[in-house]
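Annotation source Swiss-Prot lists ATP binding site at Ala20, Phe21, Ser22, Gly23, Gly24, Leu25, Asp26, Thr27, Ser28, Ala46, Gly132, Thr134, Asp139, Asp197. What Swiss-Prot records for Tyr102, Asn138, Arg142, Ser195, Thr204, Glu206, Glu283 is L-citrulline binding site, and it gives sequence analysis as the kind of evidence. Sequence annotations record features per position, and here Swiss-Prot assigns L-aspartate binding site to Thr134, Asn138, Asp139.
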Amino acid sequence: MNQNHTILQNLPVGQKVGIAFSGGLDTSAALLWMKLKGALPYAYTANLGQPDEDDYNAIPKKAMEYGAENARLIDCRAQLAHEGIAAIQCGAFHVSTGGIAYFNTTPLGRAVTGTMLVSAMKEDDVNIWGDGSTYKGNDIERFYRYGLLTNPALKIYKPWLDQQFIDELGGRHEMSEFLIANGFNYKMSVEKAYSTDSNMLGATHEAKDLEFLNSGIKIVKPIMGVAFWDENVEIEPEEVSVRFEEGVPVALNGKEYADPVELFLEANRIGGRHGLGMSDQIENRIIEAKSRGIYEAPGMALFHIAYERLVTGIHNEDTIEQYRINGLRLGRLLYQGRWFDSQALMLRETAQRWVAKAVTGEVTLELRRGNDYSILNTESPNLTYQPERLSMEKVEGAAFTPLDRIGQLTMRNLDITDTRAKLGIYSQSGLLSLGEGSVLPQLGNKQ
């Protein structure tokens, strides 16, 4: 593969060009422009269960009206649910503020979209792909990686990297006028104070007014839940139970779901009634510049809370520590568009095999407003939490006796003695100032 020619800077006239088509202004104008300039556009739309999309079937029809040679709707929901569950099992979330995580819902969506749309293009012998991602964002690299992983012969053509397209249709007003001039009665939607991208797992709100840190979450109108910060919004406390079998969520409130898509939709409805899973994050983009986003993920948050409760009740401390360390690393790889790279697969396999397989049980929670909740009950046949081991009451057949603890504490003398010696060395070298005003207590002599 010749990297110098992977990215095409000019429209490939007379050739098939696949475009990830959303039906919005940008992709509509781009498709028509490519058609009029002599390319053969093929439109591919991913059904990701976007909560703000009313009629998926209308999108390919619209693409045909704008001049697509063919237009296909690709149902990506089952695969997206599968990847979302995998992320929950692995704790693949590296961005958090105050203990509230961003659930990497956009990166998960890009992993599914990038592979499934390019796979559909291969079926149609379309080997040139364009999408609406900008050069400043993460998606341009994510789609690049997933596209080439799926089709190594793929060429990339992005209208927003083509100077001719930018010169002719560089803004929303110009694109709207272009469509009208060509006989399409396109009416621009009223611009919001921010942009939104969503799929079944979550929604991302960013850019425009949200680029300013003095614009808070209150300017956002949630699309997956309620504005829990608004005192006029009535939110009643609600009990909900979540059941897992071998790391897979299978039931909500006692009702089993064979279809993971329906399971996620119901989890979104439950969590959304409370605004669960909304967060405000500052993160590092792939190119190391910081960006800010407001995120929604009610179902992911609900599953994550219940899953981690079971993890902490079932696994030992060292396993939990490794699960968290690996999850942070895996979350970053997912964010970077490396969800299917070997290093990510290695981390995923470790968590799914050795952590998730033991996670069977049910957690009952009370949801209130936003991320305010209480855990009411935890049940699992695999719990290693056994209260009688540490009961403050007198119990028959105690796991250990006072004499056992005396022996255990006596063994600690070895490392305590070594630690005292090290502190003395640090003091002599000037690294520590021992005595009055020191952060350490007075140790006396070194013996």
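Here the Cβ of each residue, glycine as well, is placed from N, Cα and C on the backbone.
Of the candidate binding-site residues, Tyr102, Thr134, Arg142, Glu206, Glu283, the one lying closest to Asp26 (ATP binding site) when CA atoms are compared is Thr134. Our reading of the L-citrulline binding annotation (Tyr102, Asn138, Arg142, Ser195, Thr204, Glu206, Glu283) yields a largest Cα to Cα distance of 19 angstrom. If you draw a 10 Å sphere around the CB of Asp139 (ATP binding site), it holds 20 other CB atoms from the protein chains shown.
Distance noted between the C-alpha atoms of Tyr102 (L-citrulline binding site) and Ala20 (ATP binding site) is 25 Å.
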